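Below is one structure, written out as structure tokens, with a few remarks after it.
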There are 2 protein chains.
Amino acid sequence: MRRTAFFVSDGTAITAETFGHSLLTQFNKVDFREIRLPFVDTEAKAHDAVSLINKAAEAGEDKPLVFSTIVNHKVGRVLTNANAHIFDMFATFMEPLERVLGIESSPRIGRAHGMGDSDTYEDRMEATNYALTHDDGISKRLDKADVILVGVSRSGKTPTCLYLALHYGIKAANYPLTEEDLEQPRLPAFLREHKAKLFGLTIDPERLCKIRETRRPGSRYASVKQCRYEVDAAESLLRAEGVPMLSSTGSSVEELASRIILHLGLQKDAS
Amino acid sequence: MRRTAFFVSDGTAITAETFGHSLLTQFNKVDFREIRLPFVDTEAKAHDAVSLINKAAEAGEDKPLVFSTIVNHKVGRVLTNANAHIFDMFATFMEPLERVLGIESSPRIGRAHGMGDSDTYEDRMEATNYALTHDDGISKRLDKADVILVGVSRSGKTPTCLYLALHYGIKAANYPLTEEDLEQPRLPAFLREHKAKLFGLTIDPERLCKIRETRRPGSRYASVKQCRYEVDAAESLLRAEGVPMLSSTGSSVEELASRIILHLGLQKDAS
């Protein structure tokens, strides 16, 4: 079963996409083709969107689904002419929210993913720079870190750090445990002095082996034996030091980031 | 006016937060304290969440708002005991969606931000590696790039590339135009051969000056005169080559990424 779903917004359409996609994942028997239509912010663009949606309706057997977060009423009204099932996500919740808050909303487009709170936005950009300059053990000066991810090479530290920075403005450094580190009874001193910020990332050795193979095929670095040794040694070391640990196998960066924030109590105001 | 809003989910709570936050931005007279409660996936954890919410209710004058995307019915039912206005985002749309699709949903937690489609997830991780190894002109081999961002140093290229990679699995390289490049009548040949992939990022010279000041205070690099010269020269060069251009001043990385995808027709299936 195949259906087309459109995420339409007068802003980036990230909200419509995130929420709409979440809903669609609950219908795993349907194969959805998902199309984002951002910046539909004039009636003319809304007419173009309707044409696109109608074309999909004619090509398929069933009406497309449209998830909309269009704020502007005039633009939104044009969309209702489309030959589709329209879910107006904003309108659905705006009325009950206005009632509960006892005030009217002040419709403005694209606030959610704009630069709305510029301090928060600056934090995110600064944190992204921080992640890049404190990636892969580049810098051992970790005083300003909010969190320091520790694990063997290719265990998923870098993408997790970048996600924490770009989304939450969290300054995340990471340090790859080398063979030399793994032969020691304790973690390096420059890590131990930031004990409360340390978080371990581990990985299934077979998975690690596959990832390393694409980097350096046939190398000792990518061998099953070496991967097993490193993962075992790293887990023992982190456990001995009492560092909390998660496995990146079977977890997305979003999940890892959420769990790290929860565990270390790093929550800042949502951005 | 101050209110507390909770985003509660049995998964990462990213969907609840993204959508809830979007709705709240439409009420700019209210100062919301936003708290994410992810991984509320057992009845016991739901009771803990209720306690937290009730504590906020007692501390404040008004009932908190709760935006929930809890999939598990038993867990969700516990939450309804909280002393709060509860917006059950999934339930609201699930019934009409089931009707339209003519099938029942197969409730499963955390699909939206999990590794659901592992190919797509691998693409995102690979693209993130690509962005890191093709950042700041590190590599001039750009055959595999989906997009190449071009602009003066500190115009916002790197965070935009990382966002495109982490979220959309788009391989984004970037190249900083140097003074030497800006003195030439044409863009470097290794860029021109990928003309269709080029996208310019520009920035307000005063803003650029401030950003560079935090990096190298008092330097020629950060001077107003130098920033003006570089921005003018870069814009002229990009215009002459017919490269599309956006300004990062007043635009978030989310907005830039969305516009670049739209312009270059880079849309892949939503991840």
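Heads up, the Cβ atoms here are built off N, Cα and C, so glycines get one too.
Over in TrEMBL, the protein carries these features:
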BINDING   A:GLY151, A:VAL152, A:SER153, A:ARG154, A:SER155, A:GLY156, A:LYS157, A:THR158  ADP binding site
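Annotated features, which come from TrEMBL, shown on the structure.
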| residue | record | Cβ contacts under 8 Å, 6 or more apart |
| --- | --- | --- |
| A:GLY151 | ADP binding site | A:LYS157, A:ASN174, A:PRO176, A:LEU177, A:GLY200, A:LEU201, A:THR202, A:ILE203, A:ALA234 |
| A:VAL152 | ADP binding site | A:PRO176, A:LEU177, A:THR202, A:ILE203, A:LEU208, A:GLU230, A:VAL231, A:ALA234 |
| A:SER153 | ADP binding site | A:PRO176, A:LEU177, A:ARG212, A:TYR221, A:GLU230 |
| A:ARG154 | ADP binding site | A:ILE203, A:LEU208, A:ILE211, A:ARG212, A:ARG215 |
| A:SER155 | ADP binding site | A:LEU201, A:THR202, A:ILE203, A:LEU208, A:SER248 |
| A:GLY156 | ADP binding site | A:LEU201, A:ILE203, A:SER248, A:VAL253, A:LEU256 |
| A:THR158 | ADP binding site | A:ASP135, A:ASP136, A:ASN174 |
Filtered A:VAL152, A:SER153, A:ARG154, A:SER155, A:LYS157, A:THR158 - binding-site residues with C-beta under 8 A from chain B: A:THR158
Check: same-chain CB within 8 A of ADP site center, minus A:GLY151, A:VAL152, A:SER153, A:ARG154, A:SER155, A:GLY156, A:LYS157, A:THR158: A:LEU149, A:ASN174, A:PRO176, A:LEU201, A:ILE203, A:SER248
Assigned element (helix, strand, coil) containing A:GLY151 (ADP binding site), judged by DSSP: strand
Collapsed DSSP category at A:GLY156 (ADP binding site): coil
